[in-house]
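Right, one structure below, let's go through it.
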Amino acid sequence: MILEARGIGKTFGSVLALRDVSMGVEAGRVTCVLGDNGAGKSTLIKILSGVHQHDAGTLLLDGEEVRLAGPREALDRGIATVYQDLAMIPLMSVWRNFFLGSEPRRGLAFDVAKARRVAREELLAMGIDIRDVDQPVGTLSGGERQSVAIARAVHFGARVLILDEPTSALGVKQAGVVLRYIARARDRGLGVVFITHNPHHAYPVGDRFLVLNRGTSLGEYGKADITRQELTALMAGGAELEELEHELRREQ
Amino acid sequence: MTSVAGRAGGRTDERVAAGGLLRRLLIRPELGAVVGMLVVFAFFASQSAVFRSPAGIANWLDPAATLGIMAVAIALLMIGGEFDLSAGVLTGTTGLIVVTLATRYGLDVWSAMLVALVVALGVGFCNGMMVTRTRLPSFIVTLGTFLMLQGVNLGVTKALTGTVQVSGLRRAAGFEEARAVLAGTIQIGGTPFRVAILWWLLVTAVATWVLMRTRAGNWIFAVGGDEQAARAVGVPAARTKIALFMTTAFAAWLVGSILALRYTSVQANIGIGQEFIYIIAAVIGGCLLTGGYGSAIGASIGAVIFGMADKGIVFLGWDADWFTFFLGGMLLLATLANRLVRRYAEEVRR
Ligand SMILES: Nc1ncnc2c1ncn2[C@@H]1O[C@H](COP(=O)(O)OP(=O)(O)OP(=O)(O)O)[C@@H](O)[C@H]1O
Ligand SMILES: [Mg+2]
């Protein structure tokens, strides 16, 4: 277990965003965090990546209790995050984004030639087909952008890769591409935390599933313990889904 | 290795070649300004022989130089996503400090300049701290500093001299040396050119290097493009912005000193209204008002266009009132061109 959260709680003023949530991340395994909108998924992973500090519970890195002061510290400890809302800078080129915050240096200068070359090589190594590393990230498709961000995390030696809804804005095919890169990062030995509200994306790549609902955990399951149908039902709240189906049928 | 490179090469060619080169050129921020500069030069040069003579060139490069130093610093700040409205009046403040200390308090010119530099950097630091701490728009924060400095410039000058100017720098110790370094002239092919032009070229070169070839440059683009995203990957956003405000203040000190040494007296209201000219030059040079995009060379070219129009209109014997009309037209054209560029660069295909 590289990273483990035990009984984590977080409040924003009077808003209780998370209560008593536990989860673990293992090397070479994908832990999926599922839940509806506002369930607290982003809040949980922002705690894991140092953006927020938890109010209750403990965070363990390699079995030792830690408190991450900020994103920089998390990165230095090998926890890289690809955020849902803040991924990359649209007007900057692919290679500038790739090395942002960790630019290779040569003397006083930013080693631009190396940055360009390494970015191109790393993207190719992950099988990511970018036309031109000089093009602004804003001109990439959503899936390409997520892929570049994943390749960046892998390159910087992340041990834990956290992805916040990398597939939510994507079409079926693009989502498939991103899922493939997730699998590739996993095969390279990274522990992956994959946040999504789509069980059909989570089930094929996931090894463990944490389901959140209104800030609390509905349980953490191994793949052997739960079927895709059960996972879907759990996420939606089984009874509610049946009711919805019933309602929709009548309306037709 | 070779097979990978070969594959990549093949792919790159196939999809980029068609419109790629032209497009990449089009999204260079300076492109519009370069075209504008050529057009403006061709226009005035064809109408006036003086304008295209070495003496004429020296003449219009002079206002371009002092404006250019400021425009480059403002361009860096704008790429970093902020404005500084106090920059113009700060050139006055630094000039007033230099002259006052050197003529009334017995300091030599160099020491007076050092004190002015410390004050300027202090103002830049305060601007930066207030903007990064409060997260208020820098437009408002520096508007406040602008008004305060304007008041101080006039108030202190009046209290000390009973007039609205300080003068007599020529008598101060170290004047000749300082003037030679900052406000002298050099002969090129028999024509005297202002030394300020060299300082301007140096500032432009250093700024371009920092922007394109250092980590700090990458951070400047990043904090202007998306501050949150930059922070999340570990960019020290606040430090970057404070450094940018201090750079602007440094430029204001340099220009303030150059002008004080050149004219040996400083009016208390000098520099007021210039802050918008700096922004205009930077925008003509391709800076986006929204930050994250632009170039130092572009801002310098914007300053050259400004200098050519400023003097060119005089050479043609036109009424100088037409100058602002021209400036407004250039600004509109430049912002329209920039908008197209931004749309292209930012278009998101999900
Ligand atoms: N900075 C904040 N201040 C106040 N409340 C917050 C803050 N961040 C999150 N919340 C609240 O915490 C709850 C959980 O939000 P969170 O963003 O973690 O949900 P999510 O599961 O990621 O949802 P989505 O699927 O829409 O991304 C929400 O009710 C949200 O309004
Ligand atoms: Mg979320």
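For all residues, glycine too, the Cβ spot is worked out from N, Cα and C.
Worth saying up front: this structure is predicted, and the values here are computed from it rather than measured.
Features of the protein shown, as given by TrEMBL:
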TRANSMEM  B:31-51  transmembrane segment
TRANSMEM  B:57-78  transmembrane segment
TRANSMEM  B:85-103  transmembrane segment
TRANSMEM  B:109-130  transmembrane segment
TRANSMEM  B:195-212  transmembrane segment
TRANSMEM  B:242-264  transmembrane segment
TRANSMEM  B:276-302  transmembrane segment
TRANSMEM  B:322-341  transmembrane segment
- Note on the structure: The recorded stretch from B:31-51, B:195-212, B:242-264 sharing the largest number of CB pairs under 8 A with the transmembrane segment (B:109-130) is B:242-264
- Message: Within the same chain, where does the transmembrane segment (B:31-51) have neighbours whose Cβ lies under 8 angstroms from its own Cβ atoms, ignoring anything closer than 6 residues to its ends? I mean 6 or more beyond.
- Response: 25, 60, 284-286, 298, 301-302, 304-305, 308-309, 311-312, 315-316, 330, 333-334, 337-338, 341
- Query: Thinking of Cβ pairs under 8 Å, which stretch from B:57-78, B:85-103, B:276-302 has the most of them with the transmembrane segment (B:322-341)?
  - Reply: B:276-302
- Task: Using a Cβ cut-off of under 8 Å, list the residues of the same chain at least 6 residues beyond the transmembrane segment (B:85-103) that approach it.
- Result: 70, 73-74, 109, 111-113, 115-117, 119-120, 123, 127, 139, 142-143, 145-146, 149-150, 152-153, 156-157, 160, 166-169, 171-173, 175, 248-249, 251-253, 255-257, 259-261, 264-278
- What same-chain residues lie close to the transmembrane segment (B:57-78): Cβ under 8 Å, and 6 or more beyond its ends? 51, 84, 87-88, 91, 191-194, 196-197, 199-200, 203-204, 207, 210-211, 220, 224, 244-245, 247-248, 250-252, 254-255, 258-259, 274, 277-279, 281-283, 285, 287-289, 291, 294-296, 298-300, 302-304, 306-308, 310-312
